[in-house]
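S.K.: Before I ask anything, here is the structure I am working with.
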Amino acid sequence: MKKQLFWAPQNEIPSTLWTANERSWLTHPGSLTQRLRKTTDGQIQHHLLREVFDAPVDEETQLLGISQPELALIREIEWRYFESLWVAGRVVIPKKTLEREGSPLNHIGERSLGDILFANAKFTRGDLEFRQITADHPYYFYVKEIANGSCIWARRSLFYFERDPLLVSEIFSPALFLESSVSND
């Protein structure tokens, strides 16, 4: 199978790279949080692994239009269905977005960011981009426990609070695709 080694919009991803179930999950335009909860009848668990001001990786700074060594709030999370990792996530929120008047992003705490983004009309979402995560990509760290040579897909999109961006990246475990079905939309 040919590797997709760069971020690309859906129309540039060969249709043969995804099964129908993978396509359904990866291209889902709504709240992934809500879809995961619905699919598992609320049994999925959201875990905040880390929330810290740190330097984003190069591809994140470029996409967000911030300069190195500017720090941003980085949130790393995972969604587990019982013990099975289904989705790992990384959110990068530049300081200017956090500091914007009225921003609800300053005190997210243990909550899922999706509960905030899709409940507030001041947030808009940019286009989704996709890529395969290989061992040399910085996001591989989040899924190395389950990779085992599997094809790992990720998606990312910019959200905007008014005009200020934040980046949401989601890495999908093969277990999600195996343990769920297209009918669980």
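Yeah, the Cβs are placed from backbone N, Cα and C, and that goes for glycine too.
From Swiss-Prot, for reference:
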BINDING   ARG75, LEU113, GLU170  substrate binding site
S.K.: Around GLU170 (substrate binding site), how many other CB atoms lie within 10 A of its CB?
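M.R.: Step by step: centre on the Cβ of GLU170 (substrate binding site), count other Cβ atoms within 10 Å, giving 23.
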S.K.: Cβ within 8 Å of the substrate site centroid (ARG75, LEU113, GLU170 excluded): which residues?
M.R.: ILE77, GLY89, ARG90, VAL91, SER112, GLY114, VAL168, SER169
S.K.: I'd like the number of other C-beta atoms within 10 A of the C-beta of ARG75 (substrate binding site), please.
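M.R.: Its Cβ shell of radius 10 Å holds 19 other Cβ atoms.
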S.K.: 10 Å Cβ neighbour count around LEU113 (substrate binding site)?
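M.R.: For LEU113 (substrate binding site), the 10 Å Cβ neighbour count is 22.
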S.K.: In terms of DSSP three-state secondary structure, what is the assignment for LEU113 (substrate binding site)?
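M.R.: The three-state answer is helix.
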S.K.: In Å, how large is the greatest distance between any two Cα atoms among ARG75, LEU113, GLU170, the listed binders of substrate?
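M.R.: The substrate-binding residues span at most 12 Å between Cα atoms.
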S.K.: Please report the three-state DSSP label of ARG75 (substrate binding site).
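M.R.: Once the DSSP labels are grouped into three classes, ARG75 (substrate binding site) ends up as strand.
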